[in-house]
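Listed in TrEMBL for this protein:
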- 1-380: domain 'Major facilitator superfamily (MFS) profile' (DOMAIN)
- 7-27: transmembrane segment (TRANSMEM)
- 39-59: transmembrane segment (TRANSMEM)
- 71-90: transmembrane segment (TRANSMEM)
- 96-117: transmembrane segment (TRANSMEM)
- 129-147: transmembrane segment (TRANSMEM)
- 159-183: transmembrane segment (TRANSMEM)
- 204-226: transmembrane segment (TRANSMEM)
- 238-261: transmembrane segment (TRANSMEM)
- 270-286: transmembrane segment (TRANSMEM)
- 292-315: transmembrane segment (TRANSMEM)
- 327-348: transmembrane segment (TRANSMEM)
- 354-375: transmembrane segment (TRANSMEM)
Amino acid sequence: MSFKDIFFVVYTAVLTFSVLYSPQPLLPVLMKEFGVDKSSAALITTVTMLPLSLSPIIYGFVLEKFTAKRVMSFAISILVVLEISIYFINDFYLLIFVRLLQGFSIPGVLTSLMTFVSMASEKSLIQRVMSYYIAATILGGFLGRFISGLISKLFGWRYGFLILGFSLAISFILLFFISDYKIQVKERITLKNAMNVIKTHPFLNIYITIFCTFFVFAAMLNFIPFRLKEISDNVSEFIIGLSYSGYVMGIIVSLFSMWLIKFFKTEKKVILYGLMIYLMSIPLFSVKSIFFIFFAMFVFCTGMFTTHSIASGFLNKLAITNKGIVNGLYVSFYYTGGVLGTFLPGYLYKSFGWNAFLILLSALILVGVGSAIQIRQLHP
């Protein structure tokens, strides 16, 4: 990949994930702004993730017919208009509808980016380049939350969406300067073939593992603002945004993913070690201290992003054909877990408290561990 291609991938990934996650630290503010309860406010994140669980499969098929560049030009332009429009919204249900539409556009960008990286990179370099992509998505997730919290405190919550929209418009302009790649279709892609991909070992085990991993991650990050408010009602949206600082560990882990594979010898071992760190971080969140939760987030993110960065690169290394479908399914399993994680654990939290919420998350991680153990490491 050329420098301009890499810059575009990083810049676009950062902004797309910023769009996806920027409302999270604002949920308590938006709850008061629109006069809704905690569960309704959480829907601002849930409805955007809902299409992400299915749309990537559709985009995977589309990418067998059209170039990644062409699909991105369509998806990014729609996303820009929707993000800027949020600045003018005064009705909660209209906000939910716009966030839902964003959920149909975001997977078009993400699936195209992953496919673009896969097609533009030599097989021997895919794991490394994919780790850069994952690092960019992590940076976007953190900056989206941190900057929206900061801008909200300084100027009001609406301006964060406005600035993000115009920043993403630059990404659309950059599209005209990148290379263009089209997937070389070696066989006709059908729904039956997509099911065959799901059933192919070790794809299914990787998909199940990443489903559980992101279920837990989405749950924790969606409800941690409310937990911080429980601990101290004086917590501002800026402090809530700052609580996601543990994200920086994800960037470090992603950039060192190749070293981790060399040190532990196989991708499977790294994934399992990542899941164990992930599991051990959960009890740390039971301590009723804002400072300690900040620390716990660093451990939590280290475990999650170790698993995610290695699994995505491993999957692309294994995929010889149907790369669009393979990546689309990965994103679908990832965000199906995310959709369920953003609201289902909330009912347990509301009815039985924070510790019951943490027990559920621990159980899901154990399911992911069980699936990862069944991965048979393939050697070239």
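One is the number of the first residue shown, and numbering goes on along the chain from there.
Note: Cβ is positioned from N, Cα and C throughout, glycine not excepted.
Remember, TrEMBL labels are computer predictions, not curated facts.
Listed by sequence, the residues of this chain that lie at least six past the ends of the transmembrane segment (129-147) yet keep a Cβ under 8 A from its Cβ atoms are 1, 6, 9-11, 13-22, 24-25, 110, 113-114, 117-118, 120-121, 160, 164, 241-242, 244-245, 247-248, 250-251, 254-255, 257-258, 305, 308-309, 312-313, 316. Contact between the transmembrane segment (204-226) and the transmembrane segment (238-261) is supported: at least 3 Cβ pairs lie under 8 Å, counting only residues 6 or more apart in sequence. Listed stretches 39-59, 238-261, 270-286, 292-315, 327-348 were compared with the transmembrane segment (96-117); the greatest number of C-beta pairs under 8 angstroms is found for 39-59. The list of residues near the transmembrane segment (292-315) in space but at least 6 beyond its ends in sequence, with Cβ under 8 angstroms from a Cβ of it, reads 114, 126-128, 130-131, 134-135, 138, 203, 206, 209-210, 213-214, 216-217, 220, 224, 227-228, 231, 242-251, 253-254, 257, 260-261, 267, 270-271, 273-282, 284-285, 326-327, 330, 368. Taken as a whole, the domain 'Major facilitator superfamily (MFS) profile' (1-380) shows an average pLDDT of 84 in this prediction.
Per-stretch counts of Cβ pairs under 8 Å to the transmembrane segment (327-348) identify 39-59 as the leading one among 39-59, 270-286, 354-375. Non-local neighbours of the transmembrane segment (159-183) in the same chain are 1-2, 4-5, 7-8, 11-12, 15-16, 18-19, 22, 26, 63-64, 66-70, 72-73, 76-77, 79-81, 83-84, 86-87, 115-116, 119-120, 144, 147-148, 151-152, 323-324; each lies 6+ residues outside the stretch with a CB under 8 Å from one of its CB atoms.
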